[in-house]
Amino acid sequence: MPIFSIEAFNLILCVRNTTRSIAQSSRSAFSAVNKRSGERFCLLSLVLLRFSDYEHCDAWGRPGWFSDGSWICLSELLHEMQEAGRIMFTTDLSLVIGGAEVVMIAVGTPSRAEGDVDLSQIFSAADDIGRRLDHEAVVVVKSTVPIGTNRRVLERVHERMVEQGRGETAPLITIASLPEFLSQGRAVQDFFHPERIVIGVEDEVTRALIDRMHEGIQAPRLSMSLESAELAKYASNALLATKVSFINEIANIADRTGADVRDVAKAVGLDRRIGPHFLEAGIGYGGSCFPKDVVGLHQLAGTSGYDFKLLSAVIEVNNRQREQFFRRVEMGLGNLRGRRIAVWGLAFKGGTDDVRESIAIDLIQRVFARGAEVIVYDPQAMENARRILPEAIRFAPTAVDAVSGADALLVLTDWPEFRDISFDAVRQGMVEPRIFDGRNLLSDLHLDQQGFFYEGVGLGTPR
């Protein structure tokens with residue numbers, strides 16, 4: 001019986017019966033789909049997940065495991081598949097590679113200190129696959145990788161097969177680039193309703209198989225070369241990051257001229273050629289994708305002999321934006337030593353527990369380094385933040401508890417539930433009712449009329 005397999009963060013995912021279904025996996029999101037029946041999704045295949053990390057294997061095997069804002073739907077999907085006997089978890093790589101028709105690689109590709117991309121996990125996965133494949137299969141790379149990586153992956157798979165004495169089978173292994181465009185916090189929704197499916201292939205047989213994998217998912221399917229598919233993912237993230245840096249520059253002008261960046265963004269975003277998305281001023285972009293991919297594309301351009309000046313500016317603006325916010329806090333409070341600072345938000349954005357490259361974490365560390373007492377709260381990211389923040393940082397059980405006795409509140413993540421908190425209770429708990437909103441999340445609540453000193457980003461003047 002045919003099988004799909006995916007290697008992702010020490011994980012292999014296999015799905016039997018490629019004519020019926022697809023399964024996609026990453027560290028932050030998993031979804032499996034065959035056909036929609038009423039309001040339910042069902043998978044008519046056997047899914048095998050392989051981990052080299054027993055802790056992760058055990059966690060994925062428990063319904064209710066949190067990955068991102070889609071966790072309720074994700075938990076339901078996993079539970080359904082387990083109850084139906086269509087999904088299992090294992091650390092046995094040979095079990096999931098055996099008989100695989102498609103093997104997907106979806107591992108991390110972090111940036112090195114020099115700015116280039118660390119492909120060690122990609123190549124390790126390719127080596128593992130090559131040592132075990134003994135039949136015709138397609139290797140699919142889901143990870144965001146520099147141009148040329150897919151070809152190098154295929155070469156390594158072939159080399160490992162030759163080393164294992166299976167050189168005669170190596171020519172039957174083909175490669176496909178299938179970059180994912182999921183947003184953290186919307187992984188399941190984005191999987192079922194993608195805006196496009198980009199397929200990088202070199203032959204029609206492979207393309208037809210990838211098409212079949214996506215049967216039942218309604219979205220434009222763009223078939224292109226491996227190199228074009230690899231570049232498309234970088235270009236997409238870099239352009240979105242550019243919009244963020246652009247609107248932050250407009251916000252900086254607004255602060256100096258009395259304009260309101262929210263009104264400007266609305267006027268600009270109603271232009272269909274531009275659109276409203278990613279035109280929200282704040283402290284900049286973070287997370288595991290945008291910073292890495294913007295730097296990666298900039299580095300890729302440099303190694304190819306091209307000076308990508310626009311991306312240089314995007315990176316500079318993003319770094320400067322958090323500096324400016326930090327200076328505002330210092331200017332507003334003076335010496336931070338001995339001050340009690342409350343922080344709402346640890347994740348790099350609302351809807352996820354991911355704190356990788358979170359600007360909130362960076363700003364908390366800066367404030368703490370100035371001698372402030374810092375109390376933080378986040379609906380989902382507390383445990384992840386504990387692993388990287390100094391031990392002296394205090395973690396509050398609720399948002400209101402965090403502001404008790406605080407000289408200021410910093411809002412650093414755009415969790416919608418922060419808007420629903422009783423600001424009477426917040427004001428009464430604070431020593432000084434002062435709010436620095438790095439996401440403009442509370443900008444329309446008229447907190448200045450409720451006794452707060454409120455300062456956002458690009459709102460013209462403090463309120």
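One is the number of the first residue shown, and numbering goes on along the chain from there.
Glycine is no exception: its Cβ is also placed from the backbone N, Cα and C atoms.
Because TrEMBL annotations are produced automatically, they should be read as predictions rather than curated entries.
Remark: Thr109 (NAD(+) binding site) has Val117, Asp118, Leu119, Gln121, Ile122, Ser143, Thr144, Val145, Lys292, Gly296 as non-local neighbours, by Cβ distance under 8 Å and separation of at least 6 in sequence. Taken from TrEMBL, the feature NAD(+) binding site covers Thr109, Thr144, Lys292, Arg356.
Sequence annotations record features per position, and here TrEMBL assigns substrate binding site to Lys233, Phe278, Leu279, Glu280, Ala281, Gly282, Gly286, Lys349. In three-state terms derived from DSSP, Phe278 (substrate binding site) belongs to neither a helical nor a strand segment and is classed as coil.
What TrEMBL records for Cys289 is active site, nucleophile. Note: Cys289 (active site, nucleophile) has non-local neighbours Thr144, Asn237, i.e. same-chain residues 6+ apart with C-beta under 8 A of its own C-beta.
Annotation comment: TrEMBL describes 342-444 as domain 'UDP-glucose/GDP-mannose dehydrogenase C-terminal'.
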Distance, Arg356 (NAD(+) binding site) to Leu279 (substrate binding site) (CA atoms, angstrom):
22
Should Cys289 (active site, nucleophile) be counted as helix, strand, or coil on the basis of DSSP?
coil
How many Å separate the Cα atoms of Gly282 (substrate binding site) and Arg356 (NAD(+) binding site)?
18
